[in-house]
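Inspection log for the structure reproduced underneath, given as structure tokens.
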């Protein structure tokens, strides 16, 4: 595609002399003898096309032919108005010039075999039927009409004036001249300033040349008796008079007409040559009006050359810098070709410039634009199916559109990937590369497909190489942007992991991903629980609400079995406890240490939270009530003991030695604790594994008040 401006090697002195530029052209011509048909990119044609007679547009011989046709197009474009105005039928000595039309007829035949690049897919089309249909629907009719011998037809039809006008169809060949200048403007080997100046001079000369022919045509189409009333018939310059101007030599007549056209375009005043009759005046009015527009065009282009602000010049500067960089680092031809093709695609599509413009728009407005452009497409991507609208809105805001040419590799197998691509237009293919260098096409990706998702989400190397089949428009989102969004929308994170597993049709793919996704789900769940518990620990109810609204489960426990309700009850945050209960948190969950939320509230002395939990069905739920109550008694925590007894713990529960809390209180001499236990119904006659009663323990302790309390309790129990 970009062979016109590509160089295999280029000196850094690009702004040198004309001689150095010619030497560059010579070296380039030699280096292209065998580079047109071979190569692995999708922009090149198969090697067997010689047999099918399809011509490559970048082939050496066709380029020579195209340059030759460019020269003949210049001749035809300039000679056509000259022939129309100065000859009413070509004289015999110029009839041989009509043979040139055979060259253009041959060019018509060549176009039936000339491969072309599809503007939508960027693939080279080499099917002769498609080539012929495209050419017939395009410029075929005008090209063929231009090849007709209109001079001979004019003479055969009795010199009908309308037939002469048909010769103007040959001006359609001027498109070859415009295409040449457009191509040279992008050729970094040629001075951009010189190219633009030559182009502008050519435009100016052609306009004045055509106007000169028009002025002369107006004079020759009047009857001979009225030719004295024309601009040239009435002309008198010094001793020369043009009364019989047809007898004046051809060169003098043309130069005189050209002088009139240039003076009129320059609008230097009403000179010695001027319009005489009404037709000439009307033509002059139209011509001067056109010259004003042309002058503005010329001045505008010269101004753009001075300020160096044109898009083409920026492209040339960037291409020059890239080629210097690639030459300095001796990059391979495949990489060079891919870089140049991609830069050319950017230039033709101008999408990078548009993206810069969008970046300057406020985020709120850009968000609405992104939703309008991409939301429908993203919602139809399998990976994001079932995700919330808020999540999708954040995704589309981070998307960037990129274009890729056929043959380009988007992702390589085994590499670390940090972006995900959504196919907006075009076609990709996933290819598995074997150890022996073989390739196996795994799948073909069309619009709404996605690549890089497995590698990015599962944090694994890219499993397959992803290659462009036809010109693609891809929507890219960076891994960092996606990760930051997923950290906020936890529920959508789980949905994406589920979609990722469902989206892999084959059993082998599913088995490969199951372990990774299971690990990610467990990791995500543990991180989410830690986030919820951390918010509960610090009393941050707003953060807690956002986490639960995003999909966090308030009943999930951390590595110690603690839930957010455990922590809130321990820390005394009544508003958080109330919120968690409203969100369905389990009020009777037990951590690995045997603590329930109610027990945590009781131990911490948060009476209001205790009442709130009991009101919603919470119980102490002690697995080893006897052992725990005995430890409370041994610690002398009488207030906690009273609360535990009030919430249903039996005073006669036993520890592993069958000792009751009253045994412990008697052994430790805690008469106040013993009184509390007796008042709560403790059995004074209970025996431990050694047959000892609380009274026996009290007597060994030698605490007279305690013994007296125990004996009174025994007497009461006996009676």
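Any Cβ shown, glycine's included, is placed from N, Cα and C.
It should be emphasised that the depicted structure is a prediction, and the values quoted were computed from it without experimental measurement.
Taken from Swiss-Prot, the feature intramembrane segment applies to 256-275.
The feature repeat 'ANK 1' is assigned by Swiss-Prot to 523-556. In terms of DSSP helix, strand and coil, the repeat 'ANK 1' (523-556) has 24 helix, 0 strand, 10 coil.
Among the features that Swiss-Prot reports, repeat 'ANK 2' is placed at 560-589. Proximity of distant same-chain residues to the repeat 'ANK 2' (560-589), defined by a Cβ-Cβ separation under 8 Å and at least 6 residues beyond the stretch ends, is recorded for 532-533, 535-537, 539, 541, 544-545, 548, 554, 595-598, 600-601, 603-604, 606, 608-609, 612-613, 616-619, 621.
The repeat 'ANK 3' annotation in Swiss-Prot covers 593-622. Counting residues of the repeat 'ANK 3' (593-622) by DSSP class, helix then strand then coil, yields 17 helix, 0 strand, 13 coil.
Sequence annotations record features per position, and here Swiss-Prot assigns repeat 'ANK 4' to 624-653. The average pLDDT computed for the repeat 'ANK 4' (624-653) is 81.
The topological domain 'Extracellular' annotation in Swiss-Prot covers 85-93 (among others), and the record cites sequence analysis as its basis.
Here Swiss-Prot flags 159-164 (among others) as topological domain 'Extracellular'. Within its own chain, the topological domain 'Extracellular' (159-164) has Cβ neighbours under 8 Å at 84, 88-89, 150, 153, counting only residues six or more beyond its boundaries.
Helix, strand and coil content of the topological domain 'Extracellular' (221-255), in residues and according to DSSP, is 15 helix, 4 strand, 16 coil. For 221-255 (among others), the entry in Swiss-Prot reads topological domain 'Extracellular', with the evidence type sequence analysis.
Feature annotation from Swiss-Prot assigns topological domain 'Extracellular' to 276-285 (among others); the stated evidence is sequence analysis. Taking Cβ pairs closer than 8 Å, the topological domain 'Extracellular' (276-285) reaches residues 214-215, 218-219, 222, 229-231, 233-234, 264 in its own chain, all 6 or more past its ends.
Taken from Swiss-Prot, the feature transmembrane segment applies to 64-84 (among others), supported by sequence analysis.
Annotated transmembrane segment per Swiss-Prot: 94-114 (among others), in sequence order, evidence recorded as sequence analysis.
Residues annotated as transmembrane segment in Swiss-Prot, with sequence analysis given as evidence: 138-158 (among others).
Cβ atoms under 8 Å from those of the transmembrane segment (165-185) belong to residues 4-5, 66, 69-70, 73-74, 76-77, 80-81, 83-84, 104, 139, 142-143, 145-146, 148, 150-151, 192, 195-196, 198-199, 202, 312, 316 of the same chain, restricted to positions at least 6 beyond its ends. Residues annotated as transmembrane segment in Swiss-Prot, with sequence analysis given as evidence: 165-185 (among others).
Distant neighbours of the transmembrane segment (200-220): 77-78, 81-82, 84-86, 88, 177, 181, 227, 230-233, 245-246, 253-254, 257-258, 260-262, 264-265, 279-280, 283, 287, 290-291, 294, 297-298, 301-302; these residues of the same chain sit at least 6 beyond its ends, with a Cβ under 8 Å from one of its Cβ atoms. The annotation transmembrane segment is assigned in Swiss-Prot to 200-220 (among others).
The feature transmembrane segment is assigned by Swiss-Prot to 286-306 (among others). Tertiary proximity for the transmembrane segment (286-306) is limited to same-chain residues at least six positions away from its ends with a CB under 8 Å from its CB atoms, namely 193, 196-197, 200, 203-204, 207, 211, 214, 261, 264-265, 267.
Taking Cβ pairs closer than 8 Å, the repeat 'ANK 1' (523-556) reaches residues 488-494, 497, 562-565, 567-568, 571, 573, 575-576, 579-580, 583-586, 589 in its own chain, all 6 or more past its ends. Here the transmembrane segment (64-84) has long-range neighbours at 90, 97, 100, 103-104, 107, 110, 146, 151, 164-165, 167-168, 170-171, 173-174, 176-177, 180, 206, 209-210, 213-214, 217, 254, meaning same-chain residues at least 6 beyond its ends whose C-beta is under 8 angstroms from one of its own. Counting residues of the repeat 'ANK 2' (560-589) by DSSP class, helix then strand then coil, yields 17 helix, 0 strand, 13 coil.
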